[in-house]
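Database features (TrEMBL):
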type	residues	note
DOMAIN	B:69-119	domain 'NADH-Ubiquinone oxidoreductase (complex I) chain 5 N-terminal'
DOMAIN	B:135-424	domain 'NADH:quinone oxidoreductase/Mrp antiporter transmembrane'
TRANSMEM	B:30-50	transmembrane segment
TRANSMEM	B:87-106	transmembrane segment
TRANSMEM	B:118-135	transmembrane segment
TRANSMEM	B:181-199	transmembrane segment
TRANSMEM	B:211-230	transmembrane segment
TRANSMEM	B:251-269	transmembrane segment
TRANSMEM	B:281-302	transmembrane segment
TRANSMEM	B:375-397	transmembrane segment
TRANSMEM	B:417-444	transmembrane segment
TRANSMEM	B:465-487	transmembrane segment
TRANSMEM	B:507-532	transmembrane segment
TRANSMEM	B:610-631	transmembrane segment
Amino acid sequence: MNPANYLYLAALLFTIGAAGVLIRRNAIVVFMCVELMLNACNLAFVTFSRMHGNLDGQVIAFFTMVVAAAEVVVGLAIIVSIFRSRHSASVDDANLMKL
Amino acid sequence: METLIGLLVAAPLLGAGVLLTGGRRLNRYGHLLGTLLALVSFVLGLVLFANMLGKSADDRTLTSHLFTWVPVESFQAQVGFQLDQLSMTFVLLITGVGSLIHIYSIGYMEHDENRRKFFGFLNLFLAAMLLLVLADNYFLLYAGWEGVGLASYLLIGFWQHKPSAATAAKKAFLVNRVGDIGLSVAIMLMFTTFGSFAFADVLPAAKGADATQHATLTGIGFMLLLAACGKSAQVPLQSWLGDAMEGPTPVSALIHAATMVTAGVYLITRSGAIFNVAPDAQTAVVTVGTVTLLFGAIVGCAKDDIKKALAGSTMSQIGYMIMAAGLGPIGYVFAIMHLVTHGFFKAGLFLGAGSVMHGMNDEVDMRRYGGLRKYMPITFVTFGLGYLAIIGFPGLSGYFSKDKIIEAAFAKGGTEGWILGGCAMLGAAITAFYMTRVMLMTFFGEKRWERDAEGHEPHPHESPASMTIPMIVLAFGSVFAGALFSLNSRFVHWLEPVTGHSEGDSPLSTGAVTAGTLVVLLLGVALAWLMYGRRPVPAVAPRGSLLTRAARRDLLQDDFNHVVLVRGGEHLTRSLVYLDHSLVDGVVNGTAASVGGLSGRLRKLQNGYVRSYAVSMLGGTAVVVAATLLMRAV
């Protein structure tokens with residue numbers, strides 16, 4: 001099968017994720033979209049690894065997973081504490097940084 | 001001997017210090033202390049003079065270096081004195097006339113509660129004036145120059161409770177500032193051109209200057225002339241002298257007749273080496289002198305205030321001196337000679353005027369005098385001798401000094417010489433007219449005085465001895481000084497080593513000039529007698545011709561200053577303020593407003609929505625990626 005198809009899929013997934021981050025307001029959904037983008041990247045890495053015949057991409061994919069796991073821990077903790085203080089998981093409500 | 005020069009200045013300076021800081025406990029004998037110190041200075045001057053006479057003519061200059069005032073790299077301002085024949089002449093005039101006027105002031109200021117302060121100021125003036133004429137460099141001369149300006153300001157405004165006196169003092173100070181700028185610029189030019197401002201460096205360097213430096217020297221000459229115009233009340237900076245008569249009369253006699261106002265003549269004569277190589281500046285000096293000698297004389301004809309009439313006369317006589325100084329080596333000696341004789345007779349005339357005012361309840365209007373010769377015989381005789389001296393009556397001092405100047409003016413040669421000589425001659429005629437007028441209105445005719453506002457009728461009386469003795473001494477000077485100086489050309493030989501002297505090539509013989517001067521003198525006197533002697537003088541001034549009315553207003557000099565300088569200055573300031581508000585402030589405020597507006601718009605990007613930040617991040621990334629790809633494609 002043509003490996004380029006995997007790259008199209010990765011690009012599609014990344015676009016869906018990016019659109020979700022930009023459009024959705026629910027912090028959990030935004031978060032899931034971020035994960036989707038990360039995994040789209042992972043897919044691209046692995047595909048390139050296969051295409052070039054070395055393991056660099058696969059190694060990077062593992063790194064990404066580790067970083068994503070850590071990010072999930074921190075991110076979810078933040079979302080939960082914001083939800084506790086503001087009774088909302090909408091990202092638009094957390095706008096205290098606005099002038 | 002050298003140390004005596006320093007003491008000469010130090011004595012009156014000490015007097016000023018003690019009298020001005022000593023407070024009220026010195027009131028009882030402060031005037032005696034001030035007079036004593038002036039006399040000490042005079043005696044020191046006489047000792048130095050005797051010492052100088054004992055030496056040969058080329059070996060008479062004494063120098064005394066005291067200390068370095070401003071030591072900065074090549075800028076070395078020294079405090080040092082130089083006593084040569086020119087300075088000596090001034091020292092004797094200043095301390096001599098100064099001492100007499102100190103003595104006179106004891107009587108004149110007797111009823112003034114600030115008499116101690118007055119003597120302190122007089123001593124300060126003496127010290128500053130001596131510093132001016134004794135300095136061996138222009139920088140120290142400038143210090144003296146400012147010092148006399150300060151003393152003049154303080155003394156004109158001595159009765160500062162009178163608004164007119166306070167204003168007059170301010171006016172004198174401000175007009176003098178304009179001249180002082182000239183002197184400071186001249187000193188700066190000297191320093192950049194010659195690297196020094198000591199007489200010993202600048203004057204020989206000016207003499208040997210090459211053609212490239214002549215333009216600078218002309219500039220220096222013009223700036224020195226500006227300085228002289230301010231200090232010596234020459235056109236166009238003459239307007240302060242008439243108002244300066246608000247000061248006590250001894251001040252008018254000492255500062256505004258005999259000494260300070262002649263500082264400009266000293267400056268030009270001292271800087272003769274510069275003017276000799278700057279003919280354009282010299283022409284300007286002659287022009288200023290000639291214009292002023294006629295200007296002052298015309299003003300003097302119309303004034304009814306005795307002191308203002310004499311002030312116009314002072315202006316005119318200094319015009320003669322400046323003109324003579326502008327003639328170059330043919331005139332320097334005669335400028336100084338007229339300066340000295342003028343010091344005697346004009347101080348005498350002012351003291352006489354003060355004596356008249358003293359006896360007339362401080363009335364200054366000559367139309368309220370009349371017939372005073374019976375009441376004040378000594379004042380009449382001394383004033384009369386001063387009068388004969390100033391109009392140039394043969395044998396008296398003014399005759400010798402003024403005739404020499406008129407002769408030198410003719411000797412300038414060519415058309416210029418005829419014009420200058422003619423103007424000088426005309427000036428002599430007008431001098432005879434206005435001085436005769438003063439004499440007739442004051443001492444002759446019927447008495448015209450009236451009760452003053454409080455109903456007191458003045459009782460004219462002779463002044464006390466402390467006032468009459470100085471007048472008598474000055475009258476002697478007015479009579480004999482000229483003959484003494486002219487005998488065997490003594491004064492010429494005396495000053496020649498300093499100022500240089502050359503006989504001009506006059507188209508007229510000495511006899512012709514003398515005869516011509518006598519004729520115009522008689523015409524002037526006769527005209528004055530026809531107008532003021534033969535028929536009674538009206539107690540209220542008649543309307544007079546257009547010229548008379550203009551002359552009463554000082555030939556519109558104040559109006560001119562008001563219209564051109566005050567109004568012009570106001571318009572200039574207003575337009576500058578407008579420019580400042582519209583242009584400068586416009587740029588500043590405009591920048592601030594546009595930065596503010598821009599940042600107000602930029603601020604909107606900070607909306608607090610995470611997703612809009614994410615859009616900008618995404619956009620930025622897209623731009624970077626696109627750019628990278630584009631670069632790679634190229």
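Cβ coordinates come from backbone N, Cα and C, glycine included.
All TrEMBL annotations are machine predictions without curation.
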Among B:281-302, B:375-397, B:465-487, B:507-532, B:610-631, stretch most in contact with the transmembrane segment (B:87-106) (C-beta, under 8 angstroms): B:465-487
Distant-in-sequence neighbours of the transmembrane segment (B:507-532), which means Cβ under 8 A and at least six residues beyond its ends: 391-394, 402-403, 406-407, 410-411, 413, 417-418, 421, 425-426, 428-434, 436-437, 440-441, 445
CB contact flag for the transmembrane segment (B:375-397) and the transmembrane segment (B:251-269), at least three pairs under 8 A: no
Within-chain partners of the transmembrane segment (B:181-199) [C-beta distance under 8 Å, separation at least 6 from its ends]: 74-78, 80, 82, 136-139, 142, 145, 205-206, 213, 216-217, 219-220, 222-227, 229-230, 267, 270
Helix-strand-coil residue split for the domain 'NADH-Ubiquinone oxidoreductase (complex I) chain 5 N-terminal' (B:69-119), DSSP-based: 29 helix, 13 strand, 9 coil
Distant-in-sequence neighbours of the transmembrane segment (B:465-487), which means Cβ under 8 A and at least six residues beyond its ends: 97, 100-101, 103-104, 106-108, 337, 340-341, 344-345, 347-348, 351-352, 354-355, 358, 378-379, 381-383, 385-386, 388-389, 395-401, 404
Residues from the same chain, set at least six apart from the ends of the transmembrane segment (B:610-631), whose C-beta lies under 8 A from its own: none
